[in-house]
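Q: One structure follows; several queries about it will come next.
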Amino acid sequence: MADKEAAFDDAVEERVINEEYKIWKKNTPFLYDLVMTHALEWPSLTAQWLPDVTRPEGKDFSIHRLVLGTHTSDEQNHLVIASVQLPNDDAQFDASHYDSEKGEFGGFGSVSGKIEIEIKINHEGEVNRARYMPQNPCIIATKTPSSDVLVFDYTKHPSKPDPSGECNPDLRLRGHQKEGYGLSWNPNLSGHLLSASDDHTICLWDISAVPKEGKVVDAKTIFTGHTAVVEDVSWHLLHESLFGSVADDQKLMIWDTRSNNTSKPSHSVDAHTAEVNCLSFNPYSEFILATGSADKTVALWDLRNLKLKLHSFESHKDEIFQVQWSPHNETILASSGTDRRLNVWDLSKIGEEQSPEDAEDGPPELLFIHGGHTAKISDFSWNPNEPWVICSVSEDNIMQVWQMAENIYNDEDPEGSVDPEGQGS
């Protein structure tokens with residue numbers, strides 16, 4: 001009987017999701033300046049824009065690149081580099097360019113040819129997460145279903161993978177006992193990589209160390225303060241020796257690599273009432289960070305007083321798995337997860353007065369809800385070169401590159417502005 005009920009619930013949910021998606025699609029011309037939807041051959045659990053841009057002469061677009069991965073059923077997995085053509089500001093943009101058949105608009109007839117897979121490198125198992133090294137973006141670290149962290153220099157691999165499926169990383173980083181997701185390169189110390197694991201530990205490697213036989217590098221330090229699965233780890237963006245970690249023990253920990261005690265963080269705080277899945281340091285404000293949790297909230301923290309949670313962002317209907325500050329705006333951050341929504345928040349609007357109708361849609365700091373995904377969002381990335389452009393990937397193979405309409409984040413023009421809550425959500 002329970003099976004029947006579950007099947008009925010699933011069918012109802014699917015219908016609701018489809019209805020919401022239809023509403024979203026109908027409203028996209030008013031809500032977005034850009035929407036590109038691309039179905040990948042396999043779902044990607046990871047997404048990160050590379051920092052370089054090519055601007056071909058005489059064209060109305062620029063070429064950006066993304067690091068992606070695959071999560072196949074039983075076939076060969078790959079680390080993937082894709083290119084994306086984004087229209088320049090002077091490209092033709094208006095709602096009349098909307099193509100309802102293809103579900104995209106904005107100076108583009110179709111996405112075909114605008115998003116291309118450039119490089120595929122054989123990978124052992126699915127790519128849980130892939131992140132490039134800031135000092136040399138050709139170097140990419142990946143988290144695998146095994147305990148190894150792999151490092152690839154993609155310039156040393158053919159763009160078409162060896163059909164044998166052999167995975168040939170340039171380094172294998174050892175130290176974990178289990179798989180995981182968290183991965184962070186030190187922006188201030190070249191080659192220093194942190195990784196979080198289901199084995200309750202955080203490993204630190206220096207990839208400039210001389211590898212042992214088989215291109216293996218052992219962890220330089222293993223941090224053992226958490227008592228459960230460590231979900232995410234992130235270096236501080238200014239202080240080369242500080243990093244943060246979050247775990248299923250509901251804690252946020254701040255560590256200092258200069259300390260000799262690798263089992264005790266410099267700060268530990270009970271951050272949420274459920275597992276903490278992600279964290280992000282603010283790129284403009286050295287004391288501010290955010291954490292996202294299975295308790296459906298994003299929490300805002302100040303390193304100078306971690307006893308006090310600055311704010312709790314509430315609107316998600318389910319677990320949050322990714323949170324990222326905007327690289328261009330100090331007060332903007334985004335979060336995503338199981339509820340198929342990517343929410344963009346604006347700290348500067350916290351506490352603003354709202355009409356009762358607006359309050360029904362969410363708190364004043366909820367700037368935008370991206371409702372284009374019909375499955376759990378696995379990862380997303382803010383484009384470092386084009387403000388307000390985000391790439392998000394979901395479990396149903398869909399990758400979307402999108403930018404909310406300018407009148408939503410530019411308050412200057414109250415005339416003709418669109419209510420940002422028209423999303424199907």
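Even glycines carry a Cβ here, placed using N, Cα and C.
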Q: For which of Ser326, Ser355 does Swiss-Prot record the feature phosphoserine?
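A: Swiss-Prot records phosphoserine at Ser355.
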Q: Which candidate in Lys160, Lys264 appears in Swiss-Prot with the annotation SUMO2 cross-link?
A: Lys160
Q: Hey, which of Ser110, Ser146, Ser245, Ser378 does Swiss-Prot call phosphoserine?
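A: Record lookup in Swiss-Prot returns phosphoserine for Ser110.
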Q: How many other Cβ atoms sit within 10 Å of the Cβ of Lys4 (N6-acetyllysine)?
A: 8
Q: Go through the chain and flag residues at least 6 beyond the ends of the repeat 'WD 7' (372-404) whose CB is under 8 A from any CB in it; none is fine as an answer.
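A: Distant contacts of the repeat 'WD 7' (372-404): 17-18, 21, 24, 28, 31-49, 51, 53, 62, 64, 66, 68, 84, 86, 115, 129, 321-322, 324-329, 334, 336-338, 340-342, 344, 420.
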Q: Any idea what the Cα distance is from Lys4 (N6-acetyllysine) over to Ser355 (phosphoserine), rounded to a whole Å?
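A: Rounded to a whole number, the Cα-Cα distance is 43 Å.
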Q: Taking the Cα atoms as reference points, how far is Ala2 (N-acetylalanine) from Ser355 (phosphoserine) in Å?
A: 43
Q: Would you find the one among the modified residues Ala2, Lys160 whose Cβ has the most company, meaning other Cβ atoms within 10 Å?
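A: The most densely surrounded of these modified residues is Lys160.
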